[in-house]
Amino acid sequence: MNIFIKGGRVIDPSQNIDETLDLLVVAGRIKELGKGLKAPADAEVIDAAGLLVTPGLIDMHVHLRDPGLEYKEDVITGTMAAAAGGFTSVACMPNTKPVNDNKAITSYIVNKAKAEALVNVFPVGAITQGSKGENLAEMGELKEAGCVAVSDDGRPVVNAELMRRALEYAKGMGVMVIAHSEELALVGEGVMNEGFTATELGLKGIPWAAEDVAVARDVYLAEFTNSPIHIAHISTKGSVRIIRDAKARGVQVTCETAPHYFSLTDDAVRGYETNAKMNPPLREAEDVAAIKTGLADGTIDAIATDHAPHHLDEKDVEFNVALNGIIGLETSLPLSLKLVEEKVLDMKTLVEKMAVRPAQILGLDRGTLKTGAPADVTIIDPKAEWVVEAEKLASKSKNSPFLGRKMTGAAAYTIVDGKVVHKRD
């Protein structure tokens, strides 16, 4: 199917474009971008007046829960949620059941995605066998089978010598290491951010040092091995400072944060709200401010959701025993657009963090509207108003702290390889 997107505000940081243009998609590829183009007779015409046309958004950190945990989410529902949120590609973390630590499981995910997924699915393999932090997984075979990175996400690689070797091997194979940076000894029995709110609620806290100490270690190991590293889901002002300083020294470090870390504080936990329980935990106002500054000054490269679906039975329990994690694919875009409204970022920089940089970090041939590129396109209605309602979410799980909240901004169309996979009602 050929598609002609007419008169939208095209924002493509990969080409430094921000102007009203037409876009022609032919045979699943970007054919032409320009002013006053003529629509071919056989093309579906999309009138994009008043809408934003961007490279397809890429979420480099999601949990699709397949294989083994499909009662929370699966490839179909997870990629439906991605498409509804404007994402044309997702990278899925390996903490499935079994863990994606070998080529058989990677191949299963790749083949299932080819058969069922609405968007591109790029698997992330485990750093260590079973993500147990004892022996390295076969990174070469993981890459060969289709993994775009390795991570033990959900838990840190506690052994620093093992992490050093992981970085060295991954560098040799051209595989990105995504670090879940957390010092478990400092986390202890903590269930939320250590601070005033935790004290008031009588809950055990997780100090900011649990993140900062681990981020510092991982950054120094990357510097020592002269290897690239990507730090997942940073949430503290200290992490921002450590990574900013490391970049200034020339360390090959990139990082991401999630919308909840610039949209909420630990106040959201009041009332023992388990849908506001995640790891790392929601922090304090000064951390939120630091995350926004880090996004604005380029310290933070990407916005990723850490979409972590859980069944109601795993969330509708006492706060101490509720599982960590929230869904985020369908709320990420409006929450991130708020950064533009608040003048933290301009629109081009936001698209860079949600499409261009994730593609670059993971080595994908996406995140651009250049001629010949795969036609992954997100068309955004920045003024669409809607309310987050559980029954209207595509995700199988409904564990969002934003339920009931009014949102502004939504994906009007999501186009993957030249095919419309989502159209807003």
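Glycine residues also receive a Cβ, built from the backbone N, Cα and C atoms like all the rest.
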Per Swiss-Prot, member of Asp152, Asp153, Asp212, Asp218 binding Zn(2+) 1 alongside His61, His63, Asp306:
Asp153
For Asp153 (Zn(2+) 1 binding site): intrachain residues, at least 6 apart, with Cβ closer than 8 Å:
His61, Met93, Pro94, Asn95, Val124, Ile178, His180, Ala232
Reported as an integer number of Å, what is the Cα distance between His233 (Zn(2+) 2 binding site) and Asp306 (active site)?
7
Enter the number of other CB atoms within 10 angstroms of the CB of His63 (Zn(2+) 1 binding site).
25
So of all those recorded positions, Asn279, Asp306, His310, which one's Cα sits nearest to His63 (Zn(2+) 1 binding site)?
Asp306
